[in-house]
Each structure stands twice: as structure tokens, then as C-alpha cells.
């Protein structure tokens, strides 16, 4: 289309150039024609004047003017060379040559100074002039025609250009409109539809289907989108189902966990009731055996008592774990002499062991707010652990240090130690370290967990420093700023 | 002879404790149905009450509170017994004079009773 327009513009400018050149030539020819007419008149006047006064200078003028006419005709001829008016040109050349002959004759006559000759040749000249004038008239007419024709050509060219330009514009417009509707139907509308469906899919409406009949890229896209929506729907429902199952399982798990805690709590309580009566009965029997001096019965009754105490401990620990799990571990903070508590506990434990020497020492301690019963539980746990995990006996040291903000208590044994990777895990619920040598120690893995929860509940910290085979040192701190 | 009233819903414990406390030299009255406990306390006029916290359907601490509130009975020492050591403080808050966790050593129980009966 652009090429077409460029061609038209080129064509237009070409036509204009041709027309301009023609016009210039025609105007020049017209000018020369007028000049020839004037020179003819001048020669006539010169000849008349010469016939009266015979002035030689007049003859020179005539010679000059006839030469000028010839030159003008010659120039006109040069313009006619490229023209198509062949007949006119031939006439013109004949006239021109005859004019030259006549002129020469005239000049000769003048030079001969014979009036008769001059007159005869003058007449001849006049005749020739008429001839030239006729030729010139033809030329003028021809030029006028040429002018009209070139003007027609130009107008036609312009009109052609306008027509073509208009046609081009209209066809372009029609093409654009057609293209618009075509693209709208082929691309925009399907894309809009695809976008809408994709957006609906993203909102969870997987049921929307796209018409995927066309085999072009959009058809493929629609087909893939339908496939994707179907897959999404399937996966979504699967995930939803799984999430629901997981939720149910979780709820069930929580419910089970809660029921388990309730069960442990109730079971522990229920267990304690028979244990209480068994313990009372055992002690009654112990006393009566002692009175009777039945050593054998007494020995076994004491052993029974120990086992009842062990059972009681396990029940108590289960109760505590259950309390911690349900967030019901509460502290009864009251002003307590921690030093006395530690010393008493050390004495009590020492009373139950033979192979171990329990050393208890430390700073003077302030009276601080702690739960006496629970703290005692921690001390007993750490001391019995120290004894339990140093099976070959030895020293167990309990040291207490007064520090600015808290009290630091440590329990050091010379036992089997704990590999470093277990140092954090031993404070977890039911976590137990299994000895390399397959030597098992009794217990359920509750003691350190309970102790650590009790210390944390006080706002303190508990940790261990130990190397396998080189004994362990357990530390805990109790803050001084607790309010009772 | 000093009279000890033991209130517990477990018959086996009642029997064992009755036996033990009698061996220690006191007269024992037992009560397993706690519903008319206060009336029984007034009726029996014990020198000391041993009271279980978790009784079937009734909280022993409420009974302790009522005993300590009633002018006729408020001078009677009340020792609470419980399988749950956590109830120690709350028992005292309800007016109990002392607390003993189950299961217990007999000598501890005797020590407590003796303390209140000033033997």
C-alpha cells in the first residue's frame, strides 16, 4: 500500500516535470513567434524608409533584422526537434530555409543597389514572411493543443492519484475493520473467555469448560486449560479429602491425648487407693512381725514396703507427667530454706544407700520462694539418678552456690556418663538413653522431664555436663525473685 | 480414750487405717458415706478427724470447711489425706489443720495424730 502511494507520488512529480518543461518551451516559442512578427514589421518599415532616403545604414539594419529572424526560427526549430508534430516541423524547416534564401537574395539586391531588385526581393520577402507566419500560426495552434493535452494528462494523473489514494484509504479502512472483527472473533473473544474461565478456576469453580474445537494455538490452550482444570479438580478434592482426614485424625489424636491424660490421672489416683491400703496393711504386719520376733516375715515385709514405695513413685511420676501435659502443674511458692531442704534430702537419700557417699556442701543461702515439695522432688530425682547411674559406687557431690540473682545447685557423680548427643534429649518426656553395654537401668524416662518442667516453672534453668565414662554433673538454678 | 473419726469412701483403706490407729492406742470411728458427715461429726464428737479429699460425689475440703465453720465442731483438728499431693495447700486454705499424702508411712500418720492429741 505504501509502495503504491510512493509510486503514485513519483508518477505525479514526473508528469508535473514533463508538463513544466513543455510549458516553458511553448512560452519560449510564443515569445520567439512574437519577435519574428515584430522583426518582419521592422524590416517592412526599414525597406520603406530605404526606398525613400536610400540610407546605407538602413540596409545594415535590414540585414541585421533578417539574421535575427533566422536565428529565432533556428531556435524554435531546436524546440520542435523533440516534438511529435513531424509535419509542422517539416513545413517549418522548409519555411526557414526559404526565408534564408529570400533573405540572401534580398541582401544581394540591396548590395546591388538596384531598386527594382530590391523591390522584387522585398515582395518576395513579404511572401515568405506570410509563409513563415502561416507556419508559425500552425506552430502556435500545435502548441496550444500540446498545452491542452499536457494539462489533461496532468489532471488525469492528479485524478488518478486521488482515486487510487481514496481507494487505498477505503480499502485500508475496510481491511482494518475486517481484521479487527476477525481478530476479535479469532483471538480476543477466545482469550477473554479463557481468562474468565482461568479466573473462575482460580476461585475454585473447576466445572467451567472451554470450547476447544479449533485446532489453532488457542484451541490447544483451551484444551490444556480444560485438562488442567480437571486435574486441579481431582487433586483439589483429593487434597480436601486428605486435609479432612488429617483434621479428623488430628482431632481424634487430640481427643485421644486428652483422654489418655485423663486416664493416666484417674488410673494413677485409682492405683494409689489400693496401694495405700496395701501399704498400711504391710506396715501393720511389719510391726506385728517385729513384736513377734518373726525375722523372716519382717525381712520380706520390708522388701514389700520398698516395692510399694517404688510403685508409689511410678504412680506419682505418671500423675506429674499427666499434670504437666494438661498444664495443671501448679507451684505452691512459699518462703523456704533451700539449704535445709538440700541437707535433709541428702540425709534421706544417704539413709537408703550403702555403696555411695553423698557429700553436701555450699554457701549460706537466703530464704527464697519455691515450691518445697516440687523442689524436693527435683533434688531426690537428681540424687537417685546419680546413685543409679554410678553402679560401682563412689562419691556423689551436691553443691549449692549463692549467686546475685539465683541459687546454683549441682549434683556430680562418678558414673557412666552421658554421650553429648543426648544432653538435650534426656530432658524430654519418656526419653531414655540405652547403654552400649546393654545394661538396662529401671525407669520410664519421666524423672528428668518432670524435674526440668518443675525448674522451668520456677523460672530456672536445668542442664547437664557430662562425658561418656567420666561421670555427669547436673546443674539447675532457682531464681530469687519469685513471689510467693 | 481419744476418739479418731476416719472418713474415706474406700472400705479397704478404712479397715486398714482403723486397724493401725487402734493398734496405736486410739478409739476409731469410721465413716464411708460422706453425705451426712457434719451431722456424724456432731454426733460422734471425735477428738480428731482424718478426712479424705476425693470422696465419691463430695469434695472432702467442703466438709473440712463446714466443720471449721460450725461453732460446735470448729475446735476439732482436721487432717486431710489425699492421693494428690497438689491438694495440700488448698486443703489448708479450706481450714484443714494438716495434710498427709497417700500412700503414707504409718509413723508419719501417728506423729501427726499425736501432735494434735498432745500425747
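Using N, Cα and C of the backbone, Cβ positions are placed for all residues, glycine too.
Here is what TrEMBL says about this protein:
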type	residues	note
DOMAIN	B:3-117	domain 'Response regulatory'
MOD_RES	B:52	4-aspartylphosphate
When you measure from the Cβ of residue B:52 (4-aspartylphosphate), how many other Cβ atoms are you left with inside 10 Å?
26
Mean per-residue pLDDT in the domain 'Response regulatory' (B:3-117) works out to 90
How many helix, strand and coil residues does the domain 'Response regulatory' (B:3-117) contain under DSSP?
53 helix, 28 strand, 34 coil
